[in-house]
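A short write-up of the structure that comes next.
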Amino acid sequence: MVKLAKAGKTHGESKKMAPPPKEVEEDSEDEEMSEDEDDSSGEEEVVIPQKKGKKATTTPAKKVVVSQTKKAAVPTPAKKAAVTPGKKAAATPAKKAVTPAKVVPTPGKKGAAQAKALVPTPGKKGAVTPAKGAKNGKNAKKEDSDEDEDEEDEDDSDEDEDEEDEFEPPVVKGVKPAKAAPAAPASEDEDEEDDDDEDDDDDDEEEEEEDDSEEEVMEITPAKGKKTPAKVVPVKAKSVAEEEEDDEDDEDEEEDEDEEDEEDDEDEDEEEEEEPVKAAPGKRKKEMTKQKEAPEAKKQKIEGSEPTTPFNLFIGNLNPNKSVAELKVAISELFAKNDLAAVDVRTGTNRKFGYVDFESAEDLEKALELTGLKVFGNEIKLEKPKGRDSKKVRAARTLLAKNLSFNITEDELKEVFEDAVEIRLVSQDGRSKGIAYIEFKSEADAEKNLEEKQGAEIDGRSVSLYYTGEKGQRQERTGKNSTWSGESKTLVLSNLSYSATEETLQEVFEKATFIKVPQNPHGKSKGYAFIEFASFEDAKEALNSCNKMEIEGRTIRLELQGPRGSPNARSQPSKTLFVKGLSEDTTEETLKESFEGSVRARIVTDRETGSSKGFGFVDFNSEEDAKAAKEAMEDGEIDGNKVTLDWAKPKGEGGFGGRGGGRGGFGGRGGGRGGRGGFGGRGRGGFGGRGGFRGGRGGGGDFKPQGKKTKFE
């Protein structure tokens, strides 16, 4: 009856009864701490009040009362306030606005009371009291109906969650300004004036429902709460369990926000990374522009723009003493006199060459016939631009001409080689060396001229023609560098005076087609020469007539050079020469100086006495240097002794050792059983290599004794 009397109070009085006193809040906190640990199975009941909130517009008044009490129970927990402050409090009144007219004046007050409950504590009583005031006396039946409605609505809990989630978001957008701030002071005054006469049993039941609803709301709504700041609500009367849960939710929110921030940052980074990629082409263009500045500079050596027509010719041997304008005028007039119109003339910055553009291919072909005409006293060269032909391609269609007269000119060669597109005379110190490179349009033309013009007489001398490039190297290896075959046609001249020149030798060997006097880096003769003839008969004749002839105070020695790689060669060439027949007084320094181009010399000595064994080794940088030195010093003398030369056997072939030979005599460092030096290959051997007299890497089987026989004890 007391409850009914209180229910009859005015709305103003119901306001005072709405929120619970602070003492009840503290009691409820203690109860909540214990209930949070015990009640884990009541999560399904939490959604039940939400379902009733949905039915408030269609069910009878009795159910409306129940639904509002439960509706107030769902949004009021402090946990919910911590996650979504102001959002839930505003959402509930918004839904109540749909209820009958009686409820309309109350939502504002209820909203204030609910906001009060949201801010300090999950006061369940505060939520129930406004429901009683709103219905004016029907709260007596409310509590009895709670249990009935709980049983009826358990099956619909999942649907309530979905429906509430659907309705809450639109309400949240318009409700963010929390009305709790102005309403909270009034509710606090009402708490002080109001003495709650309700039974403790009602409080317990309502608080149990509230705790269950708190747990359920906490688990259902964290996703919504993460977008709203949780700092708005002052945490005064939260229990320890709620604070821990709030901390966990806050951490989850922070993690979610961090993840979102990271995703945003990643998106921004990707956009920033995409922009440089887009900008990269611009940078590359700039870089390529810089890189192309060097080639551009080369292109800019040609005065003027790019070719105006596809029909252009290269013009060379211009007079560099004239200006660009003078050259252009003279070249244009030259073609005009021959009924050819030059569309454009572009000269190089050095004014030694240029390019001329024509209107048609016919004009271009006619202009080619004018090569050799003079412009400012110089005979111009006209030819098609070479383009980007590789060196290999050009070498394949180029011939090397030897045994030319030292006074021959390019014009004289052009008369013989009419198909040549370019002729380059080789000179040294302003004087011709008697050789020239003759380039043709194609490799077939080069082969044709080699066959037809080989041995042709030019200015009283028989010319010798050779291939260049890889083709010429193959011919050298096979001994077919020309049409000649059979015996060697080259003589090796040694003991030559250092003052003798190629011209001096040319006067002696009149039939020679090519003469070469190797020189050291200082331009001084190395004391030997190669003299090539047109045939083996000519070479043999010169050998018989000129051997041991005196030239410039020294007696020369001549011998036939065996073709490289031929079976007549005594052994395989290498970078090391074996020298036998040395005097005991010959030192390594003397031995090295005796061979021009040598880099190191070693004399083999007796391990016990230290005296010379009478032989040694001389190293060179290349096989060519070694071969030239060998041919020059063949049958030569060192310190009055005539020496014998041979190639040092490569590693693993036995015979006289290579680089390790001089270290330890026959036994090398290992004594009489081999070791690293001596006869055993490249310093590994002795007669038996490391293993002794028989076998091993050095291998005694290939050793051919030269000189006296050596016995080991």
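Each residue, glycine too, has its Cβ placed from N, Cα and C.
Annotated compositional bias 'Acidic residues' per Swiss-Prot: 24-46 (among others), in sequence order.
Feature annotation from Swiss-Prot assigns compositional bias 'Acidic residues' to 145-168 (among others).
Summarising the annotation, Swiss-Prot assigns compositional bias 'Acidic residues' to 187-218 (among others).
Taken from Swiss-Prot, the feature compositional bias 'Acidic residues' applies to 242-275 (among others).
If you look up Swiss-Prot, you'll see LYS301 (among others) marked as SUMO1 cross-link.
The feature SUMO2 cross-link is assigned by Swiss-Prot to LYS301 (among others), with similarity to another entry given as support.
For LYS328 (SUMO1 cross-link), the Cβ neighbour count at a 10 Å cut-off comes to 20, with all displayed protein chains included. Summarising the annotation, Swiss-Prot assigns SUMO1 cross-link to LYS328 (among others) and lists similarity to another entry as the type of evidence.
Per Swiss-Prot, SUMO2 cross-link is recorded for LYS328 (among others).
Taken from Swiss-Prot, the feature SUMO2 cross-link covers LYS374 (among others). The secondary structure of LYS374 (SUMO2 cross-link), as reduced to three states from DSSP, is extended strand.
Long-range Cβ neighbours of LYS381 (SUMO2 cross-link) (same chain, at least 6 residues apart, Cβ-Cβ under 8 Å): PHE314, ILE315, GLY316, ASN317, THR371, GLY372, GLU422. According to its DSSP assignment, LYS381 (SUMO2 cross-link) is in a strand. Residues or ranges marked as SUMO2 cross-link by Swiss-Prot: LYS381 (among others).
The SUMO2 cross-link annotation in Swiss-Prot covers LYS516 (among others). A 10 Å cutoff on Cβ-Cβ distances gives LYS516 (SUMO2 cross-link) a total of 17 other Cβ atoms nearby, all chains included. In the three-state DSSP reading, LYS516 (SUMO2 cross-link) counts as strand.
LYS580 (SUMO2 cross-link) carries a strand DSSP state (E or B). The feature SUMO2 cross-link is assigned by Swiss-Prot to LYS580 (among others), with similarity to another entry given as support.
Positions annotated as SUMO2 cross-link by Swiss-Prot: LYS592 (among others). Contacts of LYS592 (SUMO2 cross-link) defined by a Cβ separation under 8 A and a same-chain sequence distance of 6+ are given as SER598, ARG600, ALA601, VAL618, in order along the sequence.
The feature SUMO1 cross-link is assigned by Swiss-Prot to LYS592 (among others). In the three-state DSSP classification, LYS592 (SUMO2 cross-link) falls within a helix.
Among the features that Swiss-Prot reports, SUMO2 cross-link is placed at LYS627 (among others), with the record citing similarity to another entry. LYS627 (SUMO2 cross-link): 19 other CB atoms within 10 A of its CB, across all protein chains.
Within the domain 'RRM 2' (397-470), the DSSP-based counts of helix, strand and coil residues read 20 helix, 32 strand, 22 coil. Annotated domain 'RRM 2' per Swiss-Prot: 397-470, in sequence order.
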Mean of pLDDT values spanning the domain 'RRM 2' (397-470): 82
Highest CB neighbour count within 10 A among the recorded sites LYS374, LYS580? LYS580
Using Cα positions only, nearest of the recorded sites to LYS627 (SUMO2 cross-link) (LYS328, LYS374, LYS516, LYS580): LYS516
Work through the recorded sites one by one (LYS328, LYS516, LYS580) and name whichever has its CA nearest to the CA of LYS374 (SUMO2 cross-link). LYS328
